[in-house]
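TrEMBL lists 47-68, 88-112, 145-166, 178-200 with the feature transmembrane segment. According to TrEMBL, the domain 'Major facilitator superfamily (MFS) profile' annotation covers 52-207.
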Amino acid sequence: MWEREGRAFSMYKRMPSRDRSDVMDVEENSAFSQDSMDVETTNPSMWLSFPHVVVGTLSSFLFGYHLGVVNEPLESISLDLGFTGNTLAEGLVVSTCLGGALIGSLFSGWIADGVGRRRAFQLCALPMIIGASTSATTKTLAGMLIGRFLVGTGMGIGPSAVALYVTEVSPASVRGTYGSFIQIATCLGLMVALFIGIPVKEIAGWY
């Protein structure tokens with residue numbers, strides 16, 4: 001009897017530590033999987049997070065809107081600000097917004113981690129408001145470029161923070177569906193900007 005116990009003990013001692021850890025990991029992982037299944041079966045209703053997702057995706061809507069909003073009125077803007085026929089200036093008015101978006105996107109992750117996802121896309125509205133107001137009231141090309149750059153900065157910060165926010169607040173069962181709202185909102189923003197631009201030649205100063 002003592003011999004059998006001693007043999008069993010010696011066999012246990014000779015078992016590699018990696019093998020023992022694998023056994024423990026399997027048991028722990030099975031318990032963790034059971035807990036995960038319990039959590040998954042008690043997902044909250046999708047309608048609880050739906051309003052938050054819609055509000056968050058407004059940032060993506062504005063991203064698309066500001067991308068396309070100057071395409072139609074560009075000729076009128078060039079007349080008002082005195083750079084008609086200057087293709088370089090016209091290109092800068094359009095592309096400066098994307099330059100600001102590049103700068104904003106470089107800092108978006110740091111801002112989202114520092115102040116939180118929701119606060120990040122709330123703060124991105126500040127440069128967009130200031131930039132849009134500057135673009136609407138300026139009388140010079142420089143003012144238009146500054147305004148477009150500020151708008152672009154907000155555009156770069158917002159959508160990336162919103163993508164994290166939507167992923168975190170959405171129930172697992174509709175996470176992919178809610179995530180697609182970000183792309184849908186961007187496309188809708190572009191479409192709205194282009195449709196609004198239809199009457200640009202009939203309504204002076206509408207932009």
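Any Cβ shown, glycine's included, is placed from N, Cα and C.
Comparing 88-112, 145-166, 178-200 for CB pairs under 8 angstroms to the transmembrane segment (47-68), the maximum falls on 178-200. Looking just at the domain 'Major facilitator superfamily (MFS) profile' (52-207), the mean pLDDT is 88.
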